[in-house]
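Remarks on the structure that follows.
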Amino acid sequence: MEKSLNELEGSVAGESSRDLIPEPTARPTWGSKVQYILAQVGFSVGLGNVWRFPYLCHQNGGGAFLLLYFLLLLVIGIPLFFLELAAGQSIRQGSIGVWKHISPRLAGIGFASCVVCSFVALYYNVIIGWSLFYMFNSFQYPLPWENCSILANQTQKECAKSSATTYFWYRKALDVTDSIGASEMNWPMTGCLVLAWILVCGGMIKGIKSSGKVMYFSSVFPYIVLVCFLVRGLLLDGAMDGIRIMFTPKLEIWGDVQVWRQAATQVFFALGLGFGSVIAYSSYNDRDNNCHFDAILVSFINFMTSILATLVVFAVLGFRANDIANQCILENVKKINGLVEGGAWLDIPAPLDNMTSTEYSDWYMSADAVANLTKYGITNCRAEDEMNKGVEGTGLAFIAFTEAMSRFPASPFWSLLFFLMLLNLGLSTMFGNMQGIITPLLDNFTCLRKRKTIFTSLWTTFKACWVSALGVCTSICGSTSASWQ
């Protein structure tokens, strides 16, 4: 008996639909849409927003880089982010299952994304360990990295040659040595690293049911801290100078291909594209979820967070640079007064004690044109020069920003807030990284799915032991660095 045309079309459409999207299986879902959005925001908004984006913005044209980044976010970032969200929630599988569904030959891409997440998790949790170490040390007053005078006598020259914050970072936190034979196991930092893995394991032990609830705090708390730092930073002397330096556009950088490359890389890095974590999170959504709205919302929250963090960083660094420049002016005025009393000073009007950094810089340029001030040990004290020092990566968070906070009133309170913020930023991103590993493996291997809690615990324990073993090997082989001074 022949079938009608409509029956044939319906049969073909039904088979095509079943081939495209697998039948739904028993799969946990997010407790609410808010948990899901906070999880995606927590994964995408991480440490890179606080220290990598401000550095790139400062080094690549300020406001011009912001415009370029926003353009690439619209053209590249949001479309690719939407594709990952759509693939995850429609196929309802992790990265391995998604690529295997597209083509069994592409399953290796999913496994590769798990490997990438594993390597990222290794170094990311080390940063969380550093944050814990500094957070615990923030309960002291004065802060242990505030002055060289609180250090041992034999280290006075070394500390004075660099700075108290630099000394604490390399000698106390990282415990670098000048020779292989002098290296020892850094037990305090090892303990902080183990504690970091325990926190990650505790947040991931029940999958999205536990990590989703943790996101209410770990994703929201950093914004509270950033707003507090912004308000406090704007009230500091020199904060507006830092923001002005930050957002002064240099449109000529648009002709540099490397700037475009760095902006595009930051878009991929900020949204977590290609890691598989976005797919893993969205796979726990219903298939009728509005992922168009989610892609736009998360992307713009990420972008606005980067701007907020940049405002905070350069307001605080502007205060730090202004304070250092003022100290430099006072020291140079003392030198000039000493030269005048000794009769070695040339016929040049001496600077006033209450000069601003801008007025002193103008005086220095005119005086240096008449006499070579460098031979007298007198330098130009410009806040802009200080802004260019130590504004990348760990140098920003653990040296420059830490030094600036030590100049705040009630510095331990602000230090505790800052490193607690870094801890939460790192944890929310780590949850995403771990989800990008665990979800695809649980979806692909039925035996692991039946022992989900045990597998999660063993996996985090394995990675913690792996990192600890690497730390022991590093201590045996020697961790040396004498170039930081």
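The backbone N, Cα and C atoms fix where each Cβ goes, glycine too.
It should be emphasised that the depicted structure is a prediction, and the values quoted were computed from it without experimental measurement.
According to TrEMBL, the feature Na(+) 1 binding site maps to GLY42, VAL45, ASN302, LEU425. Long-range Cβ contacts of VAL45 (Na(+) 1 binding site) within its own chain (separation 6+, distance under 8 Å): SER219, PRO222, ALA270, ILE301, ASN302, THR305, LEU425, SER428, THR429.
Its Cβ placed at the centre, ASN49 (Na(+) 2 binding site) has 25 other Cβ atoms within 10 Å. Residues annotated as Na(+) 2 binding site in TrEMBL: ASN49.
The region 'Disordered' annotation in TrEMBL covers 1-22.
Feature annotation from TrEMBL assigns transmembrane segment to 64-85 (among others).
Among the features that TrEMBL reports, transmembrane segment is placed at 106-136 (among others).
Sequence annotations record features per position, and here TrEMBL assigns transmembrane segment to 187-208 (among others).
The transmembrane segment annotation in TrEMBL covers 220-243 (among others).
Summarising the annotation, TrEMBL assigns transmembrane segment to 263-284 (among others).
Per TrEMBL, transmembrane segment is recorded for 296-317 (among others). Sequence-distant contacts of the transmembrane segment (296-317) (same chain, six or more residues past either end, CB-CB distance under 8 Å): 37, 40-41, 44-45, 49-51, 53-54, 57-58, 66, 69-70, 73, 77-78, 81, 223, 226-227, 229-230, 233-234, 236, 239-240, 242-243, 245-246, 270-271, 387, 391, 396, 400-401, 404-405.
The feature transmembrane segment is assigned by TrEMBL to 413-432 (among others).
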Let me make sure I understand the structure: which of the binding-site residues listed (ASN302, LEU425) has the fewest other Cβ atoms within 10 A of its Cβ?
ASN302
Does anything in the same chain, at least 6 positions from GLY42 (Na(+) 1 binding site), have a Cβ under 8 Å from its Cβ, and if so what?
MET215, SER218, SER219, SER428, THR429, PHE431, GLY432
Taking 64-85, 220-243, 413-432 as candidates, which has the most Cβ pairs under 8 Å with the transmembrane segment (263-284)?
64-85
Do the transmembrane segment (220-243) and the transmembrane segment (64-85) come together with 3 or more C-beta pairs under 8 Å, pairs six or more apart in sequence?
no
